[in-house]
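What follows is a short report on a single structure.
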Amino acid sequence: MKHTEFTPKLFHVLKEGVPRQQLVRDISAGLIVGIVALPLAIAFAIASGVSPDRGILTAILAGLLISIFGGSRVQIGGPTGAFVVIVYGIIRQHGYEGLLIATLMAGIILVLMGLLRLGSLIKYIPQTLITGFTSGIAVLIFSSQIKDLLGLNLEEVPAEFIPRWGTYLGGLSTLNPWALVIGLFSIAAVVLVPRLLPKVPGAFVAIIVSTVLVSLFELPVETIAGRFGPLSPVFPPPVFPAFDPQIWSGLLLAAFSIALLGALESLLSAVVADGVIGGRHRSNIELIAQGLANIVSPLFGGIPATGAIARTMTSIKLGARTPIAGIVHALTLLVIFLVAMPLVSAIPMACLAGILVVVAWNMSEYRYFILSCRINIYETAVLLTTFFLTVFTDLTIAIPAGFVLALVLFMKRMSEAVDINPLVASKSGESLFSTDGEEIPEEVQVFEINGPLFFGSAGQFLNVHAYVQSHHSLVLFRMRYVPIMDSSGLRRFTEIVHALKKQGIRVLVSGANSRITEKLIKHGVLGRDAIFADFSAAVKKAKTLIE
């Protein structure tokens, strides 16, 4: 393993040097992405059930740490929509201290994942599983914004999906038309402005225009200050949670969910970015950087953070090619936090709701969702199970349940791909038949095994006895297409060999790879003299044994 595996990309970039023209592009991209990130950081914080300043603090701290210590040249870190649902649930159940503990543990888990070099394993998670999560989260984000989008006057909105919509329907009489106008304008601005002016962030335009309209005409629309009070531009001191084993252990599943979501989104973002800039990220140091961000951020009042695909792609389109853009993005947000918080307080809630509606739509991956449902029943089962569990239960249930279902269905498909078939070809004489150019005596029964021999396919050996008849004195197993044999497969194969030997039938193996060969010898299943590299040598040995 190269020594650069755990070296942050920033260090590599600084060592190489950054051309002046590229430095200008990185700084320019960072400034604009910082402006783009502001409304998203505020919106994700509010949707998560915390005050907007916590979202900005997260974008500053996490964005800075991910850019300095990360393994991607262009990753932009901060709060994202993926965490909204789980953060909201933790805060409702355990308060902010519970979120602090869960995020802190998630950060530690991410660091350990990086140190254990688990970054490359993330690619083995099925896309249908990820789509089920993200589509479910998108539905919940959209659902959570209806109150502010319509300006409904509701004291309490249930967290559960169906009761929430029942409450919305019951409160339609309180609809605020001005809030709806602001919300629809914000949706239109986010969607249309980038098409007309590609370098202008639509969300920022939506915030500026809607804030000016509400303030200038004194429209009766709720603002951030109206809900949370004036925002203070003060960096809070770090707060360390007390260690209570019972509380910490109770939040462990939530921490794993945060860590997994963070790892998935950050590495997916890094892979997408690599494809655009022609780079290659370092997944393990990226996980470590994500972990550091999620350890530091909650200590200062932040929420979970990860690599943000939309902000990363925006940065790339603006010309960014080094982590300097991410650092400038964080510093831009810091300046806004210190200077412009009174202006942030005047942002209408309906505007933020409109922005999040567009975010939810972009997260939904509806095209891939529909496509996956058409592929096969297994893909559909995993997708719909994770989707509905995410919407109607909780991510801490949906994530492990989705993984277990995907694993079980994968094993079932793998077991169906395993064949253990007798090789019977046309006879060339009274006592011999031809197989692969080799003449096999009638006393010899040959079985061709295709596929991995693991716990899910061990039952396939039940077919062997049906084809071994009284005139057979030797069985030859061809294993040229067997890539692996786990302990369950080994045990079942051993049972078959012992059963055949008790009947006085000899057993030979041909074509097994070196790992399987050593396993058979080590566990005393067969001797080295009964295992052959090629079929011809095994047939020759079989002929000598039956003479």
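Using the three backbone atoms N, Cα and C, a Cβ is placed for every residue, glycine included.
The domain 'STAS' feature in TrEMBL is assigned to 442-542. Look at TrEMBL and you will find 27-48, 96-116, 178-197, 204-226, 246-273, 331-361, 381-410 tagged as transmembrane segment.
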Study note, to complete from the structure: Mean per-residue pLDDT in the domain 'STAS' (442-542) works out to 88
Exercise for review: Go through the chain and flag residues at least 6 beyond the ends of the transmembrane segment (27-48) whose CB is under 8 A from any CB in it; none is fine as an answer.
Suggested key: 54-56, 58-59, 63, 76, 78-81, 83-84, 87-88, 91, 141, 144-145, 199, 201, 203-204, 206-207, 224, 303, 308, 310-311, 314-315, 318-320, 324-333, 336, 344, 347, 349, 352-353, 355-356, 359
Point to revise | Residues of the domain 'STAS' (442-542) by DSSP state, where helix covers H, G and I | key: 46 helix, 24 strand, 31 coil
Review point. Taking a Cβ cut-off under 8 Å, which residues six or more beyond the ends of the transmembrane segment (178-197) line up next to it in the same chain?
Key: 148-151, 203, 205-207, 209-210, 213-214, 219-222, 348-355, 357-358
Study note, to complete from the structure: Under 8 Å Cβ-Cβ from the transmembrane segment (204-226), and at least six residues away from its ends along the same chain, one finds 35-36, 38-39, 42, 46, 52, 148, 151, 176, 178-179, 182, 185-186, 189-190, 193, 343-352, 354-355
Practice item. Mind pulling out the one from 96-116, 246-273, 331-361 with the most Cβ pairs under 8 angstroms to the transmembrane segment (381-410)? Key: 246-273
